[in-house]
Amino acid sequence: MKLATKKIKTLGKSKPDLSKKKPAKDAIRKTKPQTTSETKVTPRNPKQKVAEPVKNGKTTKKGFKKSHKEELEGLKDIDPEFYDFLKNNDKKLLDFNLLDTDDDDDEEGDEEDKEDTVTKESKDDEDDEEKYHKPSKDLEVASDESDFEVDEEDDAAAGGIQKITLNLLHQWEQQLGQANISIDIVRKVIQAFNSALASISADGADGGENKHNAAAFKVVGAAAFNGVIQLCVIHLQPAIIRLLGVRPNSSLPLHKHKKWVKVRGCLRYYLTDLIRLVEQVSSPNILGVLLKHLHQMAGMVVPFSALGKTILKRLVVLWSTGDETVRVLAFLCILKITRKQQATMLNHVLKAMYLAYVRNSKFVSPNTLPGINFMRRSLVEMFALDLNVSYQHVFLYIRQLAIHLRNAVILKKKDSFQAVYNWQFINSLRLWADLLGASANKPQLQPLIYPLVTIATGVIRLIPTAQYFPLRFHCLQTLISLAKETNTYVPVLPLIVEVLKSNTFNRKHSAVSMKPVQFTCVLRLNKGQLAENGFRDEVIEQVCGLLLEYLAHESTSLAFSDLVVPTVMAIKTYLKECRNANYARKLKQLLEKIQESARFIEQQRGKSSVTFDIKDAQAVAAWEQQLRLKRTPLDVYYASWLKTHETKKRRQAAHTDEINADYDVPKLKKLPVKTGVPVRNENGEVELFPSDSEDEGDDGLHLGSDDDDDEDVQEEEEVEVEHPKAKKAKKEKPEKQKPRPATVEDDYDEAGGAVDIVKDLDLNEW
């Protein structure tokens with residue numbers, strides 16, 4: 001116990017010894033620079049407390065290393081062999097400079113830590129006072145005018161990259177307009193164009209083959225970008241023409257000039273960038289400008305076959321899916337590029353354009369129909385460039401149509417029928433019929449007329465029901481156009497007259513449609529449309545129009561009077577059973593013109609001028625040509641009908657109120673909202689059928705002479721039924737003034753009705 005207490009006492013005595021070191025630490029703290037009274041002294045972290053002993057230790061270690069270095073230096077004189085051994089086996093031991101450098105770095109690090117500690121406390125006041133950043137009052141705002149200024153500092157910082165400014169572009173424009181053009185300025189402009197594309201690319205870098213040129217210039221801002229594009233589009237092509245020394249009337253290709261080698265490489269890069277820009281642009285206006293420029297550069301695409309295929313591929317896409325103006329410009333570019341290298345490019349272009357035509361003619365609507373018609377006409381022009389090359393394609397594609405038709409006839413399944421009864425098939429028939437008609441004076445494609453006529457006739461007879469009457473009329477129109485253009489007899493009259501014998505057509509309609517049915521963009525009708533009166537009206541219009549068009553063309557034939565005998569008999573048979581006065585009137589008028597033309601032909605044949613043999617084809621053709629100059633009665637009637645029909649078609653496409661009036665469509669007046677108060681006129685009398693029309697004497701029905709008597713009777717009955725309803729409105733609010741009894745004569749005058757309740761009917765609302 002005594003020993004234990006002694007140990008405890010000794011431990012207790014050791015405490016004052018430790019406390020003696022505190023004044024030394026306080027003395028060290030006092031040596032630090034004093035801060036202002038406003039600053040707050042922050043306590044030291046643990047790392048700062050152990051900084052001084054470490055420093056002392058490093059100082060001792062440095063002296064030890066210094067003495068060790070001297071000993072090793074002395075070893076070189078005392079034992080050279082051992083020194084060489086260390087030098088060969090342990091070089092680090094003798095690397096005194098490396099050791100000294102590490103020590104110096106440690107010392108410098110300690111000094112920097114010490115200085116940071118001092119400056120940190122001295123800047124506490126500034127951190128508190130300037131806690132928030134205060135911007136300068138002399139800041140400058142960037143604007144588009146900075147594009148005119150050359151920023152030399154940016155150029156130096158960018159490592160030689162020159163910034164495109166409007167002043168620089170103006171200098172280039174002047175250099176491009178000079179008579180003697182340097183190849184260097186052309187290369188600079190093309191490099192600037194590449195840099196402009198790199199500035200708008202998705203990843204911000206140039207994705208083309210001219211990637212190294214993009215580092216030469218830097219395009220910043222919309223003004224600089226537009227300036228570069230405008231410079232290339234307007235001034236580059238004329239400058240290259242002057243550089244090559246092309247004469248105005250020279251027929252020598254551009255790639256055969258002497259200086260072509262100098263511009264070949266940069267032009268290849270430029271055309272690549274140009275078509276890449278065309279792919280990225282979606283604005284029709286900008287596309288139009290770029291395509292016009294590409295049309296000027298078409299002669300420079302010839303030497304680059306691979307690049308030419310890429311350009312044509314993109315142009316075909318624009319030709320088939322772009323805006324109307326873009327379509328036309330794309331086709332002009334395709335035509336110009338293809339004609340300059342027709343031997344190598346025509347096959348690829350024809351195949352690509354036909355596939356694009358079929359792909360984009362799958363659906364036909366009033367909006368897509370003009371584009372499809374343009375593609376068909378332009379594609380006919382492309383096939384007509386070389387009929388020998390086109391024959392292989394036309395024969396192959398007509399054969400594909402025949403295979404689809406054969407499968408439908410043999411299999412008789414829904415899928416096989418749908419492969420034939422679709423817009424792609426019908427538009428293909430139209431395309432080949434137009435092509436054969438356009439090349440009628442050349443013998444290369446004439447053997448394909450008979451297969452095409454056979455296919456079209458087979459399509460009509462595949463499903464001869466009333467639901468597919470629109471498709472039948474489309475095929476008949478194609479055959480009639482082919483017969484007129486090729487001057488070939490095609491037996492379409494039986495296919496037209498057959499429609500009049502349809503039970504569905506002759507059945508009385510069970511539904512009334514105010515809006516007429518149009519077959520222009522329709523191939524098939526549903527059961528509801530078959531029951532409407534608009535279906536029968538359109539069928540009669542189509543039958544009369546097709547008969548008139550075909551017979552007007554054949555009216556100058558030597559055998560016309562014999563040709564129309566079956567048709568005349570079929571029309572007379574239908575007129576005996578027809579109950580609709582409108583249909584009977586139209587067919588009677590057509591029948592009279594047919595018979596009049598037949599008598600005219602018989603008179604011409606009975607004259608003494610016909611002295612040739614019927615087997616003499618040339619004499620028959622000459623006689624028919626003279627007859628065309630005299631104009632047959634049916635031909636004159638068809639010309640007047642066609643003029644009226646085309647006018648109605650153009651107005652129908654416009655969808656205006658004036659068109660509806662010209663179409664004799666009745667209009668409906670919208671009655672005011674019923675508020676329980678009867679509408680009175682100026683005399684205080686109740687109006688049974690109020691109207692907004694100011695002209696009370698105008699006939700608003702516009703029904704004309706085409707209306708049936710039965711329909712007129714029904715309208716009178718409807719008017720008589722509505723009179724009691726108007727009298728009920730009179731009883732709701734009694735007045736002292738007794739209204740005069742309403743009669744039918746009050747609302748309808750001798751002209752047929754001054755007040756019209758169906759005057760403002762808009763077809764778009766139904």
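Just so you know, glycine gets a Cβ as well, placed from its N, Cα and C.
Residue-level annotations in Swiss-Prot identify, among S146, S502, S597, S146 as phosphoserine. Record check of T101, T611, T743 in Swiss-Prot: the feature phosphothreonine is attached to T101.
Between S14, S19, S705, the residue that has phosphoserine written against it in Swiss-Prot is S705. Among S136, S250, S609, S691, the residue that Swiss-Prot annotates as phosphoserine is S691.
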